[in-house]
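Everything on this sheet refers to the single structure shown next.
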Amino acid sequence: MNIRQIINSKGKRKLSMVTAYSYFQAKMAEEAGIDMILVGDSYGNTILGYENTLPVTMEEMLIAVSAVRRGAPNTFVIADMPFLSYQVSEEKAIENAGRFIKVGANAVKLEGGAEVAGLVKKLVDFGIPVMGHLGLTPQHVNVIGGYRVQGKTDKSVKRLLEGVKLLEEAGVFAIVLELVVEGIAKKLTEETSVPTIGIGAGRYCDGQVLVWHDLLGINTEFSPRFVKRYANLRKDIVDALKKYNEEVKNGEFPGPENVFESGGFDE
């Protein structure tokens, strides 16, 4: 899938996107036929164990993006630009976005509306595709005072509508809508010619994205209403590890089938 196919999908078919942070995650996502992979700054929460996304660095994200590209060579990959990788200056933002493209990303994602529209236009003008992100923007968690549903007040709706318009004019190819009231997300989707990708934004967006660890039931401590679990891998993994631990301690593993005879490796 390429930029043109993503844009042309609007009104014709839904887009699927999932986060991934490693070679094998990406490989499985591509095998499943997922349209787009987002190497999210949620890498900080899900892989590195940070409380939120703010501590994630460019260097950490670059490693994840390059691993994902190797695992999914034929899937459209978007790199999340981490906190302070694009806010300090336009020059630094362009440099950092370019670094993601060099290691294999097809596009980058930035949070914000009016405050980043000018930067988005410059990135696009320099040949770097950009995905927008409105609604709940996790990098602003300290300003907004937590993870709150957006679009509940007239002021919030006005800001979202303005953001969609400005991002579209700046040249984004798609916009993530996170934790937005369903009716407002529907209106935003209808107001723009670019696809919207929802996460906790209801049924009427042009596509959906979920975090790997949420949809596969790995992060069971986090159970927001908008997440649907398609597996219970945490239980399966813990059960397998318990079985391994038990078999090692009682001498059942390794068994005869797991050892080499005097001849060495099988030929």
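Cβ coordinates are placed from backbone N, Cα and C, and glycine is handled just like the others.
Keep in mind it's a predicted model, so treat the numbers as computed, not measured.
The 10 Å shell around the Cβ of E178 (active site, proton acceptor) contains 22 further Cβ atoms across the protein chains shown. According to its DSSP assignment, E178 (active site, proton acceptor) is in a strand. Here Swiss-Prot flags E178 as active site, proton acceptor, drawing on sequence analysis.
Counting every protein chain shown, the Cβ of K109 (3-methyl-2-oxobutanoate binding site) has 24 other Cβ atoms within 10 Å. The secondary structure of K109 (3-methyl-2-oxobutanoate binding site), as reduced to three states from DSSP, is extended strand. Residues or ranges marked as 3-methyl-2-oxobutanoate binding site in Swiss-Prot: D41, S42, D80, K109.
For D80 (3-methyl-2-oxobutanoate binding site), the count of additional Cβ atoms within 10 Å of its Cβ stands at 30 [all protein chains shown]. A strand conformation is recorded for D80 (3-methyl-2-oxobutanoate binding site) in the three-state DSSP classification. Taken from Swiss-Prot, the feature Mg(2+) binding site covers D41, D80, E111.
Other residues of the same chain near the 3-methyl-2-oxobutanoate site, with their Cβ within 8 Å of the Cβ centroid of D41, S42, D80, K109, are T19, L38, V39, G40, Y43, T53, V56, M61, A79, M81, P82. In the shown protein chains, 22 other C-beta atoms lie within 10 A of the C-beta of S42 (3-methyl-2-oxobutanoate binding site).
The Cβ of D41 (3-methyl-2-oxobutanoate binding site) has T53, V56, M61, D80, M81, P82, F83, P138, Q139 as same-chain neighbours under 8 Å, each 6 or more residues away in sequence.
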